[in-house]
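Quick notes on the structure that follows.
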Amino acid sequence: MKRMKLRTNAGPLQGTIQVPGDKSISHRAVILGAVAKGETRVKGLLKGEDVLSTIQAFRNLGVRIEEKDDQLVIEGQGFQGLTAPCQTLNMGNSGTSMRLIAGLLAGQPFSVKMIGDESLSKRPMDRIVYPLKQMGVEISGETDRQFPPLQLQGNRNLQPITYTLPISSAQVKSAILLAALQAKGTTQVVEKEITRNHTEEMIQQFGGRLIVDGKRITLVGPQQLTAQEITVPGDISSAAFWLVAGLIIPGSELLLKNVGVNPTRTGILEVVEKMGAQIVYEDMNKKEQVTSIRVVYSHLKGTIISGGLIPRLIDELPIIALLATQAQGTTCIKDAQELRVKETDRIQVVTDTLNSMGANIKATADGMIIKGPTVLYGANTSTYGDHRIGMMTAIAALLVKQGQVHLDKEEAIMTSYPTFFKDLERLCHD
């Protein structure tokens, strides 16, 4: 088996980095642009494989989408402009694509079959199947957990619902809201904990109306959306890898440019500051929720991460676990059972990967207990088809002084950060 040899024993990281566009916002710009009326233009779109799956799905649904002058141009014809696809919609590795597009297609008068790759086919879709069924959609997957492939027959006469989310999931909330835009009457979604709110913000940006009152979101449908010009900020989930690298590799100083800092996504910044990180915000634009972040090597101490903080840093927990292996004392991550149904069981995979390199991590049902600081050593590792595990391992390898680190299935990183290794080499040489 051919494995990629990762860079080890890195000196200080120096330089400036512009991380790729935010994945969550890129998906939603394409989805809302496809059903808005008029020409939507998107600058700074992430061209990772997940977002390309969303774009291809809408092309198969009859939407004209093309690239012009470094922008994505979407010719939306409104909700009525979608047409029945001639083929199965393949969502690749993207849970966001499958769940949000299922919600959107709930109100369409045709049937579709949605499939995914091996990893996506192991991710439960019961969380969207149940609320969409309540709205009058015929939708089903495999077994009780409703694993893909999904078969969906839309309904032009969707029923509004009031739905309390059993789990904290922005994807489930978004699927219901996208369906609610096509339902006649008042739909309410009640969250357990506040999750990322890009869907609510962007529905309003596209001229839609909804009311957010704490954990309750109210939307009266049906509504039409109007095309917009969207600029996608850098993805804080991608910036997180460089943030952590800068904090744990002695002598490092990095400037992360144009990072999106929507408050529902900035949990990692609060955590690292509590742990003692030296970070400075430059050129902060509060209205656009964008800033540059200067990070320097810091001595860190362990912390507790739990409760309402978890949905605000759920995707950053693998790299936070690595950070904790280099902090003084114990870091405890709780209430994060959602990690077990991501692209992989991230609790188990993070624990196994970092422990194989010498870390001291105990997996729990809903998180991890991490003792630090520990020296990391060479090991044979894999992404297990999970982009965030791959990038976490590549950053961990930089700390290794003894032995080699080999990584299997590194192509998974293309999902969200196609230029990751190129950027890594540049920061090691600047």
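Cβ from N, Cα, C; glycine included.
These numbers come from a predicted model, not from an experiment.
Quick look at what Swiss-Prot annotates:
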- Asp315: active site, proton acceptor (ACT_SITE)
- Lys23, Gly95, Arg123, Gln171, Arg346, Arg388: phosphoenolpyruvate binding site (BINDING)
- Lys23, Ser24, Arg28, Ser169, Gln171, Asp315, Lys342: 3-phosphoshikimate binding site (BINDING)
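Here the features listed in Swiss-Prot are placed on the structure.
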| residue | record | DSSP (3 states) |
| --- | --- | --- |
| Lys23 | phosphoenolpyruvate binding site | helix |
| Arg28 | 3-phosphoshikimate binding site | helix |
| Arg123 | phosphoenolpyruvate binding site | coil |
| Ser169 | 3-phosphoshikimate binding site | coil |
| Asp315 | active site, proton acceptor | helix |
| Lys342 | 3-phosphoshikimate binding site | coil |
| Arg388 | phosphoenolpyruvate binding site | helix |
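The two recorded residues Arg28 (3-phosphoshikimate binding site) and Gln171 (phosphoenolpyruvate binding site) have their Cα atoms spaced 11 Å from each other.
Of all the binding-site residues given, namely Arg123, Arg388, the one with the smallest number of surrounding CB atoms inside 10 A is Arg123. The most crowded of the recorded positions listed here (Ser24, Ser169, Gln171, Asp315) is Ser24, judged by how many other CB atoms sit within 10 Å of its own CB.
When the binding-site residues Arg28, Lys342 are scored by other C-beta atoms within 10 Å, Arg28 scores highest.
Between the C-alpha atoms of the residue listed as 'active site, proton acceptor' and Gly95 (phosphoenolpyruvate binding site), the distance comes to 13 Å. Note: the CA-CA distance between Gly95 (phosphoenolpyruvate binding site) and Lys342 (3-phosphoshikimate binding site) rounds to 9 Å.
Sequence-distant contacts of Arg346 (phosphoenolpyruvate binding site), defined by Cβ-Cβ distance under 8 angstroms and a gap of at least six in the same chain, are Leu317, Pro318, Leu339, Arg340, Asp386, Arg388, Ile389. Within 10 Å of the C-beta of Gly95 (phosphoenolpyruvate binding site) there are 21 other C-beta atoms, taking all protein chains into account. Each residue contributes its Cα atom, and for Ser169 (3-phosphoshikimate binding site) and Lys23 (phosphoenolpyruvate binding site) those atoms are 16 Å apart. In the structure as shown, the Cβ atom of Lys23 (phosphoenolpyruvate binding site) sits within 10 Å of 24 other Cβ atoms. The record assigns Lys23, Gly95, Arg123, Gln171, Arg346, Arg388 to the phosphoenolpyruvate binding site, and the maximum Cα to Cα distance across that set is 19 Å.
Separating the Cα atoms of Ser24 (3-phosphoshikimate binding site) and Arg123 (phosphoenolpyruvate binding site) is a whole-number distance of 18 Å.
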